[in-house]
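Enquirer: Here it is: the structure, laid out below.
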Amino acid sequence: MAGQRVEVDGGIMEGGGQILRVSTALSCLLGLPLRVQKIRAGRSTPGLRSKIKVVAGVVSWPQHLSGLEMIRDLCDGQLEGAEIGSTEIMFTPEKIKGGVHTADTKTAGSVCLLMQVSMPCVLFAASPSELRLKGGTNAEMAPQIDYTAMVFKPIVEKFGFQFNCDIKMRGYYPKGGGEVIVRMSPVKQLNPINLMDRGSVTKIYGRAFVAGVLPFKVAKDMAAAAVRCIRKEIRDLYVNIQPVQEPKDQAFGNGNGIIIIAETSTGCLFAGSSLGKRGVNADKVGIEAAEMLLANLRHGGAVDEYLQDQLIIFMALACGVSRIKTGPVTLHTQTAIHFAEQLAKAKFSVKKSEDEDDASKDTYIIECQGIGMTNPYL
């Protein structure tokens, strides 16, 4: 399969792990040998990270290495330069195979980011896959597993595939220790999606959790503060946020957090979430999640800001034209589009929405002519 090696600049735009995730996944899918240089050049500690370092208050996460190794294993590829502190990697993919694949960040590195990098690849494998992902399930700087299960899953399945996400054990910063098993079958092709009509909010629900030694009162306080905050803006809906004590045998270590979801009449889903940190009171965590949700509901888009960039690679691979209406386009999304265009040769356009309902809001339409990737093994 080896052709001309594609050169990727890992220091531009988002300049972080996301460039690695998008470019290695596309390299694996398209059989393109890849060289990524200047990895994480824009970060306080350049190069690949595997240990958790807190540098200037920024947590730099370990999933980059385990994500790369997972992609290598998914396709029996060759990976050079994948060691801690490295600023350049070379990756030569072979054919994608199904079966059981394990990735372990050995820390609180995010299982959700491991899922993001591997899922597009195993859709185009020869047989069904089981991904055993170990690390943090509810970790900073990454989606929480509840977001993946409650928002990402139902929306991404509109591309025409299903997956099963089984949370065996939850893991938190700094120990990790969580485990999620993802099972999915390959597809022949992906359908394009159209997420343009936001509809009106019909339901708001969520979960506020504590795990380990944290008292249940913390969960109740997060939930109550979030409900109060939402009620100031949305008065006519019942807000159902369940406080939860994670069972001892299903959570490793101590943690607390909250996720709140708004569902609309057209099936759109928006979320706000927050994780507790030492010294931050429970009310503040609840309010932060509520404010994030409310901000995501103000812009008039049909997806929230965290779903935007996660949909780009699927839009690029789909057969036909996909359209999504969003709020302000994030740097992560711009980065994903840039590399989907460079590597997959998909065509994207981002335009301000002309709709009169959106006139007063910062609303955009991302359109993509997908490449119609076909699974060679089916």
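Just so you know, glycine gets a Cβ as well, placed from its N, Cα and C.
Just so you know, TrEMBL annotations are computer predictions that nobody has curated.
The domain 'RNA 3'-terminal phosphate cyclase' annotation in TrEMBL covers 13-350. According to TrEMBL, the feature ATP binding site maps to GLN116, TYR306, LEU307, GLN308, ASP309, GLN310. The domain 'RNA 3'-terminal phosphate cyclase insert' annotation in TrEMBL covers 197-297. Look at TrEMBL and you will find HIS332 tagged as active site, tele-AMP-histidine intermediate.
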Enquirer: Other than GLN116, TYR306, LEU307, GLN308, ASP309, GLN310, which residues of the same chain sit close to ATP? List them in sequence order, counting a residue when its Cβ is within 8 Å of the Cβ centroid of the site.
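Expert: Other same-chain residues with Cβ inside the cutoff are PRO143, PHE152, GLU305, LEU311, ILE312, HIS332, THR333.
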Enquirer: Looking at ATP and its recorded binding residues GLN116, TYR306, LEU307, GLN308, ASP309, GLN310, figure out the farthest C-alpha pair and report it in angstrom, whole number.
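Expert: Across GLN116, TYR306, LEU307, GLN308, ASP309, GLN310, the two farthest Cα atoms sit 13 Å apart.
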Enquirer: Across the whole of the domain 'RNA 3'-terminal phosphate cyclase insert' (197-297), what does the mean pLDDT come to? Round it, please.
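Expert: Taking every residue of the domain 'RNA 3'-terminal phosphate cyclase insert' (197-297) together, the mean pLDDT is 97.
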Enquirer: Select the most exposed residue of GLN116, TYR306, GLN308, HIS332, where exposure means the fewest other Cβ atoms within 10 Å, treating these as the recorded positions.
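Expert: Minimum Cβ neighbour count within 10 Å, taken over the recorded positions GLN116, TYR306, GLN308, HIS332, occurs at HIS332.
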Enquirer: Return the residues near ASP309 (ATP binding site), defined as same-chain residues 6+ apart in sequence whose C-beta is under 8 angstroms from its C-beta, sorted by sequence, else 'none'.
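Expert: Expected: GLN18, THR330, HIS332, THR333, THR335, ALA336.
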Enquirer: Validating a neighbour-count step here. Other CB atoms within 10 A of the CB of LEU307 (ATP binding site): how many?
Expert: 25
Enquirer: Reported in the order helix, strand, coil, what are the DSSP residue counts of the domain 'RNA 3'-terminal phosphate cyclase insert' (197-297)?
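Expert: Split by secondary structure, the domain 'RNA 3'-terminal phosphate cyclase insert' (197-297) comes out as 37 helix, 37 strand, 27 coil.
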